[in-house]
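*Asks:* Take a look at the following structure, please.
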Amino acid sequence: MKKSHLYNRSLLSVTIILLIFSIIMVGSSSVSVGNRIRTDYLSFLKKNFIHSIISILCMIFVFNVPIYKWKKNKNKLILCSIILLLTLNYFGISNHGAKRWINIKIAFIQPSELVKISFSCYLSSYLSEKNKKTSTIQLISIILIVSKLLLSQPDFGTLVILYSSLLFMLFLIGKNFLFLSASSAIFTTIVLSLIYFRSYRAKRLISFLNPWSNYLGDGYQLVHSMLSFGRGKMFGQGIGNSIQKINFLPEPHTDFIISIIGEELGYLGIAMIVISLFFIFFQGMNIGRNALKDFQYFSGFLAYSISLLIIIQSIINIGSSIGILPIKGTTLPIISYGGSSKLITCIKIAILLRIDFETKMNKIQAFRR
């Protein structure tokens, strides 16, 4: 029997289209940065092309990995993530005051990206188990350890993404109100404490509320991001015609690439990106629902968790760029420049494709019996 009709072609097609779009937009947005930092205005385009090819090859490999192996190796994955986070204190590369990358000569690794997958696997395994008395303590311990290590970098953005996905997961599976309220209270307390004890986070919050009050200081990024959107209007200025990317807007090819998309392709271009990302999200949630209907609890919860991670990160990135959320320094999934982020996001989508494939195969086998 041919299995080609079991592949989720729409999800795969949207992912490939976004990867191609990423190559174009990173190439356009990074011209000035590449010329200034590396004296080669195409340097980021070339590296992003390589990242995209590697990501596609990894997707093919991951798609052929049975889902049960992710559950089987969840402890190894989370342990590996914790070890990599620990090594950042000794071998991490500092950038803008944060140690988030490890230089392995041939590439830079961002351990916090691996945490997103390993934590999803661990959480999904926990939720799919019937006896949770001992595993609850282990889960809480891992959450606290990972939180401490992420804050030591500091990487507040990844922590917000993980906690947000955790709370939404608990809500989706119908956890009791008391447990959900307690988790929300703990998360809120941590966030407020971090803002209070870290002056630069408080300044970011103030600048987010009124960026024009200090447009040459903490509000600089947001002001120039807004100017990009204002200049783009409905249809944009055309690819390559952004002004803000020319040494005005910091990180135009990473954290603020949506601003350059808005300036060059307008609100229409932004709408297409938002629709594509939400398409991936709803596809993932539908895949998870079908897996749960087939009593594949780990697969279903994993699909939910992955989908939430992708859309929450997307909302935070776009929201901070348009001024409705504080700036967190997160990339736009698939689109932004960044090898680790692109690779891990593509691996997540490959896992979704595999879950969908296995669910369809199970239905066919059950029908034959």
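Each Cβ is built from the backbone N, Cα and C atoms, and glycine gets one as well.
Pasting the relevant annotations from Swiss-Prot:
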type     : residues : note
TRANSMEM : 11-31    : transmembrane segment
TRANSMEM : 48-68    : transmembrane segment
TRANSMEM : 77-97    : transmembrane segment
TRANSMEM : 134-151  : transmembrane segment
TRANSMEM : 154-174  : transmembrane segment
TRANSMEM : 177-197  : transmembrane segment
TRANSMEM : 265-285  : transmembrane segment
TRANSMEM : 306-326  : transmembrane segment
*Asks:* Top stretch among 11-31, 48-68, 134-151, 154-174, 306-326 for CB pairs under 8 A with the transmembrane segment (265-285)?
*Replies:* 306-326
*Asks:* Find the member of 11-31, 77-97, 134-151, 154-174, 306-326 that has more C-beta pairs under 8 Å to the transmembrane segment (48-68) than any other listed stretch.
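*Replies:* So the stretch in question is 11-31.
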